[in-house]
Amino acid sequence: MLVTERTLVLIKPDGVARALVGDIISRVESKGLTLVALELKQATEEVARGHYAEHEGKPFYPSLLEFITSGPLVAAVLEGPRAVAAFRQIAGGTDPVEKAVPGTIRGDFALSTQNNLVHGSDSPESAEREIALWFPDLRA
Ligand code: GDP
Ligand code: MG
């Protein structure tokens, strides 16, 4: 029996602006992952910096912060066996053309490596940190 884990997912501002929220959540539910939190939010500069702390100093960091704070996004916590890897599988690789294959969210709907529609935690440790950042009141 696989241990249940949680992952933090964002439907980034491009996904909300392009009205892809329903489709993306539908894919999450079809995969079998359970929603334990779901909220439309506006990322503050502080939360954005905390969320993308690992990318500070990279050439695309200022642009990434501007993008992620540019409008409303959907933050969610998903739960299920191997939830971290399962969501990254249905999201597809970071570069939506070179890495994400058709059938994935990015592979089907995105062209830009920055505006690539979704975020999913990359490890259970990252998930724990990101869930505390976006949903400080959510109980374990
Ligand atoms: P992810 O885990 O697949 O989301 O990818 P990373 O953790 O490597 O990067 C975080 C986010 O930064 C990506 O999802 C993109 O939105 C953005 N990003 C990554 N690489 C680049 C890049 O080379 N250029 C730009 N403009 N944005 C990037
Ligand atoms: Mg990442």
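The backbone N, Cα and C atoms fix where each Cβ goes, and this holds for glycine too.
Long-range Cβ neighbours of H119 (active site, pros-phosphohistidine intermediate) (same chain, at least 6 residues apart, Cβ-Cβ under 8 Å): L8, V9, L10, K12, H51. According to TrEMBL, the feature active site, pros-phosphohistidine intermediate maps to H119.
N116 (ATP binding site) is surrounded by 25 other CB atoms, counting those within 10 A of its CB over all protein chains shown. DSSP assigns N116 (ATP binding site) to coil, not to a helix or a strand. For K12, F60, R88, T94, R106, N116, the entry in TrEMBL reads ATP binding site.
The annotation domain 'Nucleoside diphosphate kinase-like' is assigned in TrEMBL to 4-139.
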I'd like to know which of the binding-site residues R88, R106 has the most other Cβ atoms within 10 Å of its Cβ. R106
How would DSSP class T94 (ATP binding site) in three states? coil
Of K12, T94, R106, N116, H119, listed as recorded positions, which ones have a Cβ less than 6 Å away from ligand 1? T94, N116, H119
The mean pLDDT across the domain 'Nucleoside diphosphate kinase-like' (4-139) is 98
